[in-house]
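The next block holds one structure in the form of structure tokens; read it before the comments.
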């Protein structure tokens, strides 16, 4: 007989109803994680940042960072193979750590993805201005503002239209960007003029390698974003964990290639960066065409990153709203496109405003980008730590705990905690620790307030897509409806 939950205990309506369920193919899911990670842009920056700390041992820093990310991938797979949720990591964490861990992870994700959107807008604007300045040496403030405004409108339109369209756009854009940057780097390294080979940078030693792990890990943030598409993916239990793993592994390979190219031809990357638009010691090597191509590729990569990060952010907000933790308006979806349109409309203007204000105020774009990314990275690392901590507790609760998962958590949690501490300790000035402290205090205040007014909603955090009566074959429904 029917229950309040539908046929034989099944819900008549999914908790995340309103999203377009089970339609996104594996390539679209993969594009989401790849675009959020933005490996094309990271390939141009990571070798310089890591080499500055680790010297010629920089590949070891990247390898250690990749191994740490691999532990996070394994922990995410524990959940992604068993549940499909729009809330991504925080919905996973809820199943292992309860409402407290879920709330902390949700705050970390919202902060991380929101600031990643803002950072990507700044990055696209910065490289667009550099590209214009290479061609026409004029003031580009208006260009920077225009790029932020136009890109914000474009990503909002794509996000509302749906993840299928967004997935195609991101896949093409990121594929072209990565190809462009690989071609530029390898071509310039091969065509470097004959002559005395510059000495390799000195070894950074153990401390240098350890310091280089921090920027290397930061280059991977966002690889988990496919987990927020579990509801919309056609085969989520296969495509989502595969997308997360392929993105992390592919990014590691690309970063190692870029690192080796940089060590082989150390004059190339510094001359290509926007910090040296007039060239430098490597100007004779790169000519005039390479910086233009590199800037174009990085602009496209930042654009795809903005769209992908927004896709994840609005689905996290949508999930929180459906649980009653966030304002209900964020849980409304577009009637035709079945996307979190209300969340898109509310968040995009808020996230575009800080970059526009910063550009108009004359703040250096590298300072804006670095500030946004620094706080975002702490948010992502905290979310990864929590999901790694939750994995063994979740499996123990469902009687599927294995030694491998326990060892993974034992290795990942202290390592991620150490990276967070080092990031705060080594930050230039007190701004980053103070900002993180303010966010943590605000989150704690919100938790106390919600425990007083919305305790039941907090306890219900972690909703995920469930089989409904509409998913059953008609014969199954008629059999299940038969009185027993």
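Cβ coordinates come from backbone N, Cα and C, glycine included.
As recorded in TrEMBL, the features of this protein are as follows:
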type     : residues : note
TRANSMEM : 60-80    : transmembrane segment
TRANSMEM : 101-128  : transmembrane segment
TRANSMEM : 140-159  : transmembrane segment
TRANSMEM : 171-190  : transmembrane segment
TRANSMEM : 210-231  : transmembrane segment
TRANSMEM : 243-265  : transmembrane segment
TRANSMEM : 298-318  : transmembrane segment
TRANSMEM : 338-363  : transmembrane segment
TRANSMEM : 369-392  : transmembrane segment
TRANSMEM : 404-425  : transmembrane segment
TRANSMEM : 431-450  : transmembrane segment
How about the transmembrane segment (431-450) with the transmembrane segment (171-190) - do they touch, taking at least 3 C-beta pairs under 8 Å (6 or more apart in sequence) as contact?
no
Given a Cβ distance threshold of under 8 angstroms, which distant residues of the chain, six or more beyond its ends, lie next to the transmembrane segment (60-80)?
46, 50, 53-54, 89, 92, 95, 209-213, 216-217, 219-220, 223-224, 227, 230, 236-237, 240-241, 244-245, 248-249, 252, 255-256, 259, 384, 387-388, 390-391, 394-395, 404-405, 408-409, 411-412, 415-416, 419
Check for me, if you would, whether the transmembrane segment (298-318) reaches the transmembrane segment (140-159) - at least 3 Cβ pairs under 8 Å, residues 6 or more apart in sequence.
yes
Beyond the flanks of the transmembrane segment (210-231) by 6 or more, those residues with Cβ under 8 Å of it:
14, 16, 19, 21, 24, 28-30, 32-33, 36-39, 42, 45-46, 49-51, 53-54, 57-58, 60-62, 64-66, 68-69, 72-73, 76, 79-80, 83-89, 92, 112-113, 116, 163, 204, 239-240, 243-244, 247-248, 251-252, 255, 305, 308-309, 311-312, 315-316, 373, 376-377, 380-381, 383-384, 419, 422-423, 426, 464-465
Report, as numbers and ranges, which residues of the same chain sit near the transmembrane segment (171-190): CB under 8 Å and 6 or more residues beyond its ends.
27-28, 30-31, 34-35, 38-41, 43-44, 254, 257-258, 261, 264-265, 268-269, 272, 285-286, 290, 293-294, 296-298, 300-301, 303-304
Can you tell me which parts of the same chain pack against the transmembrane segment (338-363), counting only residues 6+ beyond its ends and a CB-CB cutoff under 8 A?
18-20, 114, 117-118, 121-122, 125, 141, 144-145, 148-149, 152, 155-156, 159-163, 310, 313-315, 317-318, 321, 329-332, 372
